[in-house]
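Copied from TrEMBL, the annotated features are:
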- 514-635: domain 'STAS' (DOMAIN)
- 110-128: transmembrane segment (TRANSMEM)
- 163-185: transmembrane segment (TRANSMEM)
- 197-215: transmembrane segment (TRANSMEM)
- 244-261: transmembrane segment (TRANSMEM)
- 273-294: transmembrane segment (TRANSMEM)
- 400-422: transmembrane segment (TRANSMEM)
- 428-451: transmembrane segment (TRANSMEM)
- 458-483: transmembrane segment (TRANSMEM)
Amino acid sequence: MEPNNATTMHSHCVDITMEVHQVVPPPYKSTLQKFKARLKETFFPDDPLRQFQGQSLNRKLILGAQYVFPILQWGPNYTLKLFKSDLVSGLTIASLAIPQGISYAKLANLPPIVGLYSSFVPPLVYAVLGSSRDLAVGPVSIASLVMGSMLRQEVSPTQDPLLFLQLAFTSTFFAGLFQASLGILRLGFIIDFLSKAILIGFMAGAAIIVSLQQLKSLLGITHFTNQMGLVPVMTSVFHNIHEWSWQTIVMGICFLVLLLLARHVSMRKPKLFWVSAGAPLVSVIISTLLVFAIKGQKHGISVIGKLQEGINPPSWNMLQFHGTYLGLVMKTGLITGILSLTEGIAVGRTFAALRNYKVDGNKEMIAIGFMNVVGSSTSCYVTTGAFSRSAVNNNAGAKTAVSNIVMSVTVMVTLLFLMPLFQYTPNVVLGAIIVTAVIGLIDIPAALHIWRIDKFDFIVMLVAFFGVIFISVQLGLAIAVGLSTFKILLQVTRPKTVMLGKIPGTDIYRNLDQYKEAERIPGFLILSIEAPINFANITYLNERTLRWIEEEDNIKEHSNLRFIILEMSAVSAIDTSGISLFRELKSTLEKKGVELVLVNPLAEVIEKLKKADEDNDFIRADNLFLTVGEAVASLSSTMKSQSSTMAEGPQTIVAHY
């Protein structure tokens, strides 16, 4: 960067020489080069092809296979020591996955056996394609709840169970197709529209709805509402008091206390993770033996009943790609796909950060997507990585995705040989297991943290929470996403502009509202625009700038306004409408006898401004500066000397303050 002149400012005792630097446009790039650069930053910010540079053809083929199938990367170095750790963790999460699989399938209004099917095939697929060492795959409560509630709005799972099952498998196919497409097309940024505030509110609301739904099992009610809202559920509970079973209530309270106590112990002492991990299976075993011994069915305790033996039957012939319900399954697949993908990637990244390794978000989308596509053809419904199961997997010492394979084999053995043992498992225990699992989704400390940091995000969180509870799961989520999108639109259409002043004794200019010691410079209005300039905000910026001028004119001691300086370090982009803003603003200011000065326009901005100013009539070199300090020093000298131009080369100009 070449200095074009020097400005000397004489203070009372100190002479300060300041070089004024030119603002230069960026090096020339063709339109194709710019397009390729923008495309790369949008879809390939991680530059996945860099590992192939400078490699031989054979090495490229190996790296390509390892990229598509991560198991080929760590598999050749797998040892017996690693297997011992994975075996323990795999058996541990299997003890949690079996009762949870049965429970979550009932939550989705599906046959309990489908939950076990979904804990067998998908983990095998993920072990081959997934990049996380800790993610434990299987059904999850939120996706189960959403799928069950959305499909039940149009099809009854009791009156037409076969059609309901077909729609569930088809929804799973579309969920997987959508997830894999996001990964392949590298569009994962779409799921970022589910902000942390939305997810915290949504999951807390869903946890309460899920828990309220379990009152049917915990109280032994036979006739229960099909609606999900708080009011209809509580109305149904108290309208059917005569169906309450005291035996079921006593058993439910006992096992709920046992499960919550086990969870509390494991939270207080993480080394005792196996207590909460094994508690659901222990509860199932004890309750099953108890019901069998006392013949609980005769005392009003409902049981699962006989479950089908054998591994997953094929279900590709059950997928419905035409007919009345195509729109329903596509919508259900889209929503459950986004929710399960968001949860799975968030869980994977959380544990990757804890153990200091990287998880490729796009590869995870592909892995989870293909896992669900394959699952839809093998009698499985939507699966992803569950936080509770993955936490147990991590605490149990899992080293690789082999823990998922161990879990899958354990579930397979259960499907082949142990199904008759679950015939007398009471539904009340499954309800208690679900309540214990989802209660951890209510994150009060995180909600309080959001309240302290950002009140608008807190409102978004509350909208998601109350929307899910009082309206519906999908509408509550949609309203919260809409509110967050509205916030983004506000930030785009109403960009922040602040007035800058000089910190005494320095050449630093900062926000006058933030730094009370900062001082205004007579004759100057220095504004900072803190957003890209585009068609959506030029009207606001024009009006806001003119209002700054009016406010400045109303201040008596600063009424002799000569220059408006726009500090543009934060203006990362500009479009054709944005360029017209400067033309209009310059024309308006000239009528008031005020000059427009631009400071530090970034590469894209100055390039477009130069191209638009072919006649050199509104972007002149003497109105472009690299820093606010240089602009004020040079223009102050101009004002004092009453000179409109500066001679070429080094020149000493005296500015009196």
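The backbone N, Cα and C atoms fix where each Cβ goes, glycine too.
TrEMBL labels come from automatic prediction, so no person has curated them.
Looking at 163-185, 273-294, 400-422, 458-483, the range that has the most CB pairs within less than 8 A of the transmembrane segment (110-128) turns out to be 400-422. Taking every listed stretch (197-215, 244-261, 458-483) in turn, the largest tally of C-beta pairs under 8 A with the transmembrane segment (273-294) is reached by 244-261. Nonlocal intrachain contacts for the transmembrane segment (458-483), taken as residues 6+ away from its ends with a CB within less than 8 angstroms of a stretch CB, comprise 145-146, 149-150, 193-195, 197-198, 200-202, 204-206, 208-209, 228-231, 335, 339, 447, 450-451. Residues 43, 108-111, 114, 147, 151-152, 155-157, 191, 315, 318-321, 325, 328-330, 332-334, 336-338, 340-341, 362-377, 379-382 of the same chain sit 6 or more residues outside the transmembrane segment (163-185) yet have a Cβ under 8 Å from a Cβ within it. Across the range of the domain 'STAS' (514-635), the DSSP-based residue counts are 56 helix, 21 strand, 45 coil.
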